[in-house]
Amino acid sequence: KKWSVVTTCRTTPLLGVMHFTTIDYVIFALLLVASMGIGLYYALSGGRQRTTQEFLLADRSMSCLPVSLSLIATFQSAVAIVGVPAEIYTHGTQYWFIGCAYILGLLIPAHVFIPVFYRLHLTSAYQYLELRFSKPVRICGTLTFIFQTVIYMGVCVYTPALALNAVTGFDLWGAVLATGLVCTLYTTLGGLKAVIWTDVFQTIVMFAGQLAVIVVGVQQTGGLAEVWRKVWEGNRISGIDLNPDPTERYTFWTLGVGGIFLMLSLYGVNQAQVQRYLSSKTEREAIMSCYMVFPSLQVALALSCVMGLVMFMVLYFVMDMLQDLPGLSGLFIACVFSAALSTISSAFNSLATVTLEDLIKPHCSSMTEARATLLSKGLACSYGLMCLAMAYLTHLMSDSVLQAAFKIFGMVGGPLLGIFCLGMFFPWANSTGALAGLGSGLVMAFWVGIGSIVTRTSGGPAAVSHFNCTAVQLSENITTAIGTALNSTAVQPMGLQRFYSLSFMWYSALSSFTVVITGLIVSFLTGRGELLIITIEDAIRSTWAHHTHSSGLCSLVETTSKSNKTFCNKNKY
């Protein structure tokens, strides 16, 4: 039997349309102005973004603190700020156990992926795929990343715009346009340095907004004891669920094990994160930034989960309970937009990087540095405009924002994780196997993902089968939606429909293993061929102290395969 309380009750008719006060608008405007100001500062200072090294990699001069905060901001998008509290309210505190996945999900990138990428002195993570396999594998990996990121950008832009529209009546598409344009401008003007330092500022705004809402929420609902009593009576406190059923939306295994693969696809091989590692002064700084992310992510997760327990519905809670406290509503919306801007700006910059380095430069070897820099800025601007179109597609999706985001990461990020693991852990894998593995991984992921959307059974049985929902006005400042859950027996799906019911937390693991297994089988059948092997062992054993930037990569490659020297010379590494 399933008991739950529904969070999608319609409270708008009783609430009417709320509006920001002047102070709220001032706080929200300050966020946008400050973000633009940081972009302008880095556009007019230092080297003025005249080289691709400065625009795309911040001259490899960043320390671990701003890099770690930027890593947090990139992951802690508006999807998490709005989506996680909604998931906690709807499904209880079981989601909190994803924090267990953060341990291996950050240790493995710190000691496996970062040494490989940093010591090879790459700009794009997908350059590794050409060194290890071949140019077609590199191009396929790049196109896969572009596809994933462009789709995800739509979710990130749409979420805060929907929040602003819901609580103020501000035009939805006007908010989408404002978000996209502001982010595009400061990313195009200031490069990666502007992106990282705006991330630092926006991370502070995010934490401040969440803390303010939690503190005031606890106060106005009667204190911590009253909050605990209500969530306990509402059956929102979950213990460890060791159910091995992979179709259950959240269990310890889906979160603690499936979450590791999700984290690896984000913090291990995602270009937006890899680019931050590569912008660090030293490899040690890059590894330290990964370590510093762990406690911060745990704090961010805790804040989001507590918000879910304190608030009945995040957005209406903020406007209804905080309307007598000028500025707090604006601070929370600024918090949501900060999360969105940090993620979107990272996406623009990383998309410009991989497009230039992986798709354009190999075919335009005579391109001057000035032209390459100008082109990279144009690419960042173009991707910014493209995200506005993707926001409309997000508008058509019916999934929760968190579920939509995790599906995207699992369906596309999983196969990318698989192909990097295939190259780093299995020296006998060849180019043919890598291409076959990537293709099969994508087919598997989209088969399950699209199947779950079509059948509407993703994530296991629905939490509530039947319900009556009424909205009750408790006081001038508190509006609560009360769901009356009825007894229902969940019908387990069978056959292919059960396969489509796989929890979206397993998508990344499923597609990664599909890539590796298929890649190994095809490599075995097609023969090893000429191996262009740059594995983890090679990168870790190399000593960069004895090599300069220009000769280091070729020296490493020559020790593994002389045929790679042609690649190094042609690309001038």
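A Cβ is built for glycine as well, from the same backbone N, Cα and C atoms used for every other residue.
According to TrEMBL, the features are:
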TRANSMEM  25-44  transmembrane segment
TRANSMEM  96-118  transmembrane segment
TRANSMEM  139-160  transmembrane segment
TRANSMEM  172-192  transmembrane segment
TRANSMEM  204-222  transmembrane segment
TRANSMEM  250-269  transmembrane segment
TRANSMEM  290-319  transmembrane segment
TRANSMEM  331-354  transmembrane segment
TRANSMEM  374-393  transmembrane segment
TRANSMEM  405-426  transmembrane segment
TRANSMEM  433-454  transmembrane segment
TRANSMEM  504-525  transmembrane segment
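The recorded stretches the transmembrane segment (374-393) and the transmembrane segment (96-118) do not share 3+ CB pairs below 8 A when only pairs 6 or more apart in sequence are counted, and are therefore not in contact. Long-range neighbours of the transmembrane segment (96-118) within the same chain, counting only residues 6 or more positions beyond its ends whose Cβ lies under 8 Å from a Cβ of the stretch, are 88, 125, 128, 238, 240, 250, 252, 255-260, 262-264, 266-269, 273-274, 277-278, 280, 283, 286-287, 290-291, 293-294, 297-298, 301-302, 305, 420, 424, 534, 536, 539-540.
A contact between the transmembrane segment (139-160) and the transmembrane segment (204-222) is absent, since fewer than 3 of their C-beta pairs, 6 or more residues apart, lie under 8 Å. Beyond its flanks by at least six residues, the transmembrane segment (172-192) meets 32, 35-36, 38-43, 49, 54-58, 157-158, 160-162, 164-165, 198, 275, 279, 337, 340-341, 344-345, 348-349, 377, 380-381, 384-385, 387-388, 391 of its own chain at Cβ-Cβ distances under 8 Å. Same-chain residues lying 6 or more positions outside the transmembrane segment (25-44) and placing a CB less than 8 Å from one of its CB atoms are 178, 182-183, 185-191, 193-194, 197-198, 201-202, 205, 327, 330-331, 333-334, 337-338, 341.
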